[in-house]
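This report refers to the structure that appears directly beneath it.
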Amino acid sequence: MATLIHTLADHSDDVNCCAFSSSCLATCSLDKTIRVYSLSNFSELPYSPLAGHGYAVHCCCFSPSGRVLASCSTDGTAALWDTRDGRRLAVLEQPGASPVRVCRFSPEDTYLLAGAADGSVVLWNVQSLKLYRSGKVKDGSLMACAFSPNGNFFVTGSSSGDLTIWDDKMRCLYNEKAHDLGVTCCDISSHPVSDSENGFKYFQMASCGQDNQIKLWLILFSDFLGVQLKYKCTLNGHSAPVLACAFSCDGQMIVSGSVDKSVIIYETNTGNTLHTLSQHTRYVTTCAFAPHSPLLATGSMDKTVHIWQLDLKQPCAGDTVENESKVAVEDWSEDDVSAWLYAQDLADFVGLFKTNNIDGKELLNLTKESLANELKIESLGLRSKVLQKIEELRMTKISVSVPDEFLCPITRELMNDPVIATDGYSYEREAMENWISNRRSSPMTNLPLHSLMLTPNRTLKMAISRWQETQQK
């Protein structure tokens, strides 16, 4: 279920982009302004709107720490703003002064990527505010970009339809013609996935374009094969060009917005449509999931931004310790650690922990010495607070991580007799039988079930049995 809980209607022209931090939502518009709102009550912050660009603002994004907001404009510049008081920290002029279409921070807060209409790609050093590297796509304007979660590479999309993979030294690693009529947006899931077939690690990416399609890709890295972009599938829910797409924080959902005025939320693994939202009255130009709360923002040429509350079956891993996440603490990613820091009122340490690549295993091994000597936390009081929270984690951590696909979506318990319903999902037989005795809709999508037939999922049952045997050894 996706419920519209608030509408922002402060912009006087088309909304071009929206972006979340852990506590704020930023929006930008053809009206030359950026507006910033508090997530606690969606009130506009005292320093908003931010005015300084001479022409339309095309894109905005928060740094991973949330302390800096970037925006870029037709005026040929990217601007950096202090999110505490709205002060403009810098104006970064694109070489050639071409209109800047898109901007993104690297995961470790080191670089800002800016892409322009002339195809130029620039990496700015955020600390020195100097140009670090620059390049140019083969053809067309640069319309989209996304960093990998580890920051080792980024992807750009152009109006000519190409997706290009670059490393952090601005070397072109791979190029693929992806959308015949041009790429409009791309996003990379923050959760890398291991490929059980060959043992390699890959990243999930979504791209969308003027061809009405959303394509899912796997970016593969290996010492033998180099970099590969593998096509996974196409999502064809829209009837007009798709202008925006984004992954949820756990990588389980993808949202898209289109010229057909609709917003569609898909399940990543199956490609099934979970929700179709049709409240905007003109083209949907932007969409974004909040990083640590079940919120979705969508913006449109109708000058509004809608805020949606998502009724998630399972929250994003690591949101809080109390959410009974099935992910063991020692298996937490760096993003899960960041989410935990926010939940423990330790948000000031997010940037520091990310810079030092602190994942779940590293987190549990932190000591007062490493906090002082390696992380350089000078305050004894703050070190003690962090250590106390880590000790609580050690006492309450989940030692066994149950694979999510082994859990019944209805009961959230390990399945004993899994069956497949006609919606394509697997459930515990008794739970699903009870469900369909009272209703004829899917527990996962709320759509009508075409048949009430339940088919035994013997493959899944065998996989669960094998997993249980490994836990008993």
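Yeah, the Cβs are placed from backbone N, Cα and C, and that goes for glycine too.
TrEMBL entries are annotated by machine, without manual review.
Secondary structure of the domain 'SAM' (332-396), assigned with DSSP and counted as helix (H, G, I), strand (E, B) and coil, comes to 47 helix, 0 strand, 18 coil. If you look up TrEMBL, you'll see 332-396 marked as domain 'SAM'.
Summarised by DSSP class, the composition of the domain 'U-box' (401-473) is 28 helix, 12 strand, 33 coil. If you look up TrEMBL, you'll see 401-473 marked as domain 'U-box'.
Taken from TrEMBL, the feature repeat 'WD' covers 50-91 (among others). Assigned with DSSP, the residues of the repeat 'WD' (50-91) fall into helix, strand and coil as follows: 0 helix, 24 strand, 18 coil.
Residue counts for the repeat 'WD' (100-134) under DSSP (helix as H, G, I; strand as E, B; rest coil) come to 0 helix, 23 strand, 12 coil. Under the heading repeat 'WD', TrEMBL lists 100-134 (among others).
Averaged over the repeat 'WD' (146-167), the predicted model reaches a pLDDT of 92. Per TrEMBL, repeat 'WD' is recorded for 146-167 (among others).
Residues or ranges marked as repeat 'WD' by TrEMBL: 235-276 (among others).
Across the range of the repeat 'WD' (277-311), the DSSP-based residue counts are 0 helix, 19 strand, 16 coil. Per TrEMBL, the feature repeat 'WD' maps to 277-311 (among others).
Only residues 6 or more beyond the boundaries of the repeat 'WD' (100-134), in the same chain, are considered here, and those with a CB under 8 A from a CB of the stretch are 58-65, 68, 70-74, 76-78, 80, 90, 92, 94, 140-151, 154, 156, 158, 166, 168-170, 351, 354-355. Beyond the repeat 'WD' (277-311), the same-chain residues lying 6 or more positions past its ends with a Cβ under 8 Å from any Cβ of the stretch are 1-9, 11-22, 25, 27, 29, 39, 42, 243-249, 253, 255-259, 261-265, 319, 339, 342-343.
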